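Asks: Below are the structure tokens for one structure; questions will follow.
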């Protein structure tokens, strides 16, 4: 691997350093610099993503050309900026828009332009493994030292667990190696990841068992023994930690339930008032409640109004938030783009084609898990999950497929083409 890195041009080494540091900062929040006091958006992280993205474009400028993907990104960016300008208080929506666009579009093009060969995808899987290790250590350290798995990570449980899910790309890639010891390491990381997720009292702990069962459908017979073992272990872990899931998550009168249900109707109400550009990202919502009638029978208008002003300026559903904050054109174009890429991934799974010599199920698990999770929280408003999610989507968009085989190391790759299977 070191020999492969040594062969890179200086500019390519710099972009890899920038990319790796950006990933490190997003996961560890170090350094944690506040550029705008009082602004909740992670502006420093957003600018870091933007710098990495712009430098990548600079060194790739000779090979760039305006295509469909660029057209979609430009339209989405223009809609987001126009929405922020048209909102009642443009400053906060524009800063939030900066973090969303730089981490989303930047992550996508890093996946498409930087991680576009088997060796580079292999290197990224190792980076994910290192970053996941750091995140798990922060979680375990916070739990045993302070009684709170999120204390050292300094992040809300939803993006914390979503990051674990996305970074599972690293250990998942180990499961499709022939070396039994490497497989055991991958299984160990997945089980520890699941254990840490369960410590945050988040219903997402039910996602991994469902995703593993789904993965069994897409893996060939030779792999089903391994995946079955993982499924059994995960379900046992689910049973052991069942007591950690409070009943409030299933209580129809609890805020976590009624707020999400009512927002289906309230978000539509706001979107219909400003269908083209929306109200602006995380813009105040209380004024739209005046002529709104509550639909969900287990909450009053007064209760709903209490959580709208500052505590929750989102719909706790990413696509509903995009719909009412950025308008119908944005959410329809973005959703269509994600669906097209996800359909391509499913086609690779059905045809048994690997992506950069990595089994497509390694992409399917974190992407599917994130898409499900985004139905319950606004993960893409946070640069951490937004960056890694779109990196995976960017790698899918590259036409770099081959018959499903084993992972390829940089030493086994020649000219970026599949030549050997481990």
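Backbone N, Cα and C atoms are what each Cβ position is placed from, and that goes for glycine too.
Keep in mind the model is a prediction, meaning the values are calculated, not measured.
Relevant sequence annotations retrieved from TrEMBL are reproduced here:
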{"type": "TRANSMEM", "residues": "14-35", "note": "transmembrane segment"}
{"type": "TRANSMEM", "residues": "41-58", "note": "transmembrane segment"}
{"type": "TRANSMEM", "residues": "70-88", "note": "transmembrane segment"}
{"type": "TRANSMEM", "residues": "94-115", "note": "transmembrane segment"}
{"type": "TRANSMEM", "residues": "127-146", "note": "transmembrane segment"}
{"type": "TRANSMEM", "residues": "158-175", "note": "transmembrane segment"}
{"type": "TRANSMEM", "residues": "182-197", "note": "transmembrane segment"}
{"type": "TRANSMEM", "residues": "226-243", "note": "transmembrane segment"}
{"type": "TRANSMEM", "residues": "319-343", "note": "transmembrane segment"}
{"type": "TRANSMEM", "residues": "355-376", "note": "transmembrane segment"}
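Give me the local environment of each listed feature.
Replies: When Cβ-Cβ distances below 8 Å are used as the criterion, the transmembrane segment (14-35) is approached by residues 5, 8, 43-45, 47-49, 51-52, 55-56, 59, 103, 110, 114, 127, 131, 134-135, 138, 153-155, 163, 167, 383-384, 387-388 of the same chain, each at least six residues removed from its ends.
Beyond its flanks by at least six residues, the transmembrane segment (127-146) meets 20, 23-24, 27-28, 152-153, 160, 163-164, 167-171, 174, 189, 192-193, 196, 199-200 of its own chain at Cβ-Cβ distances under 8 Å.
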Asks: Quick one: do the transmembrane segment (94-115) and the transmembrane segment (41-58) have at least 3 Cβ pairs under 8 Å, skipping pairs fewer than 6 apart in sequence?
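Replies: In this chain the transmembrane segment (94-115) contacts the transmembrane segment (41-58) - 3 or more Cβ pairs sit under 8 Å.
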